[in-house]
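In what follows, a single structure is set out as structure tokens and then discussed.
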Amino acid sequence: MLPFWTLSLLLVTTVTGKEICYRPLGCFSDEKPWTGIVQRPLKLFPWSPRDINTRFLLYTNENPNNFQLITGTDLDTVEASNFRLDRKTRFIIHGFIDKGEESWLTDMCKNMFKVEQVNCICVDWSQGSRTEYTQAVHNIRVVGAEIAFLVQQLSTQLGYSLEDVHLIGHSLGSHAAGEAGRRLGGHVGRITGLDPAEPCFQGTPEEVRLDASDAMFVDVIHTDAAPIIPNLGFGMSQKVGHLDFYPNGGKQMPGCQKNILSTIIDINGIWEGTRDFVACNHLRSYKYYSSSILNPDGFTGYPCSSYNEFQENSCFPCPAGGCPQMGHYADQFQGKNSAVGQTIFLNTGESGNFTRWRYRVSVTLSGKKKVSGYIRVSLYGNNRNSKQYEIFRGSLKPDATYTSDIDVDLNVGQIQKVKFLWNNYVINLFWPKVGASKITVQSGDGTEYKFCSSNTIREDVLQSLYPC
């Protein structure tokens with residue numbers, strides 16, 4: 001361990017003119033673009049490393065429940081820990097008024113331990129985050145510098161590969177990750193931005209905020225992208241990565257419309273319940289990411305120019321190059337960094353693991369008379385069976401084909417049969433019969449399943465169709 005006086009020398013502060021310097025991190029300016037621009041009118045310096053007190057809490061497969069404290073200024077702490085040079089290292093960086101020991105960070109680490117051998121480092125900068133927002137905005141510059149210093153020490157002193165570093169940041173933590181990546185020349189393997197904070201960052205120059213140039217691959221999940229005024233959206237709408245995912249359109253997440261009392265009851269805690277009520281959309285980003293670790297195919301995203309086009313079924317199935325998975329496995333997408341600002345859309349569930357599997361279902365009707373009502377289809381696979389999903393509502397005509405994209409809440413696997421049901425809007429004394437002569441189901445990867453039947457059925461009776 002370094003003596004206290006040596007550590008004090010390392011962290012000595014100097015202020016010269018319009019910049020402040022913290023050794024060994026370097027100097028921080030209060031000039032443009034950091035301050036004095038429309039998004040940042042106030043001139044502020046970041047606090048000192050001593051005041052922010054950034055801590056690196058290492059969890060590994062060998063110590064999933066109790067962290068080991070490591071630091072870049074004393075690599076003996078690293079060598080004495082369970083840190084392994086032959087594993088990837090994933091840093092998780094919290095945001096405003098949060099802390100590194102919150103359960104969502106450690107739970108994310110534990111999910112990782114179920115699928116990989118990894119060094120998982122929760123970055124705690126709570127002393128610098130629990131202050132006025134504008135000050136916290138500047139404090140992340142020091143946090144990013146401290147992350148960069150630790151990574152640089154691991155690289156130069158221990159031979160650790162920068163390509164094996166993955167920085168995961170939520171809200172302000174996304175921009176701290178960007179600062180670290182920028183200081184490392186964009187050579188870290190990956191940065192994931194979980195709903196990067198909008199205020200003081202949207203529309204700023206790339207050196208101020210998270211940007212695709214900060215790492216070899218940058219993926220971003222936008223969940224609270226409505227404008228801060230008047231919608232109180234805390235996250236950026238701006239594309240800042242190679243892959244920018246906008247689940248559910250990126251503004252309003254399903255399941256975030258509950259009132260505060262129901263949220264507290266669901267979460268079983270006033271603090272967590274209040275957080276979820278106030279910032280539900282903003283917090284969804286890290287919940288989606290954490291779930292994606294254990295559900296590698298449950299967050300398929302579709303390249304599309306807008307959410308409206310996605311909802312109008314214009315971006316299905318996946319293109320020839322395939323579709324990326326939102327979250328943990330986004331880096332497995334072949335075209336992940338082929339271009340900057342690729343926009344990806346998908347829908348999620350409102351609770352549970354949030355996963356969805358998208359299918360295009362086309363139903364050709366049989367029968368003798370036109371009726372008014374709705375048609376529903378359920379999928380039966382070799383894994384599981386789905387509930388019924390409405391395909392069309394309105395005038396049902398014999399020999400007409402009705403098509404809709406559905407988001408199924410479980411992975412049915414290979415589809416072996418389908419079941420069809422219809423219902424009449426009004427009482428019909430003639431007891432008409434309607435059937436599905438053919439149902440085609442297409443999965444996101446383009447695989448088609450075709451099912452046929454010659455039967456017709458009365459309303460609210462299930463009709464089974466088997467492969468043609």
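Count begins at 1; order follows the chain as displayed.
A Cβ is built for glycine as well, from the same backbone N, Cα and C atoms used for every other residue.
The following features are taken from TrEMBL:
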- Asp195: active site, charge relay system (ACT_SITE)
- His282: active site, charge relay system (ACT_SITE)
- Glu206, Arg209, Asp211, Asp214: Ca(2+) binding site (BINDING)
- Cys21-Cys27: disulfide bond (DISULFID)
- Cys109-Cys120: disulfide bond (DISULFID)
- Cys256-Cys280: disulfide bond (DISULFID)
- Cys304-Cys315: disulfide bond (DISULFID)
- Cys318-Cys323: disulfide bond (DISULFID)
- Cys452-Cys468: disulfide bond (DISULFID)
- 1-17: signal peptide (SIGNAL)
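Among the disulfide-bonded residues listed (Cys256, Cys280, Cys318), Cys280 has its Cα nearest to the Cα of Cys21 (disulfide bond). Other residues of the same chain near the Ca(2+) site, with their Cβ within 8 Å of the Cβ centroid of Glu206, Arg209, Asp211, Asp214, are Gly178, Arg182, Glu207, Val208, Leu210, Ala212, Ser213, Val240. Looking only at other Cβ atoms within 10 Å, the busiest spot among the disulfide-bonded residues Cys21, Cys280, Cys315, Cys468 turns out to be Cys315.
DSSP assigns Cys318 (disulfide bond) to coil in the three-state reduction, outside any helix or strand.
According to its DSSP assignment, Glu206 (Ca(2+) binding site) is coil. Each of the recorded positions Asp195, Asp211 was scored by the number of other CB atoms within 10 A of its CB, and the lowest score belongs to Asp211. A simple way to gauge crowding: the CB of Asp214 (Ca(2+) binding site) has 29 other CB atoms within 10 angstroms, across all the protein chains here.
Counting other CB atoms no more than 10 Å from each candidate's CB, the disulfide-bonded residues Cys109, Cys256, Cys304, Cys323, Cys452 peak at Cys109. The Cβ of Glu206 (Ca(2+) binding site) has 14 neighbouring Cβ atoms from other residues within 10 Å, across all protein chains displayed. The candidate set comprises the disulfide-bonded residues Cys27, Cys120, Cys318. Of these, Cys120 has the most other Cβ atoms within 10 Å.
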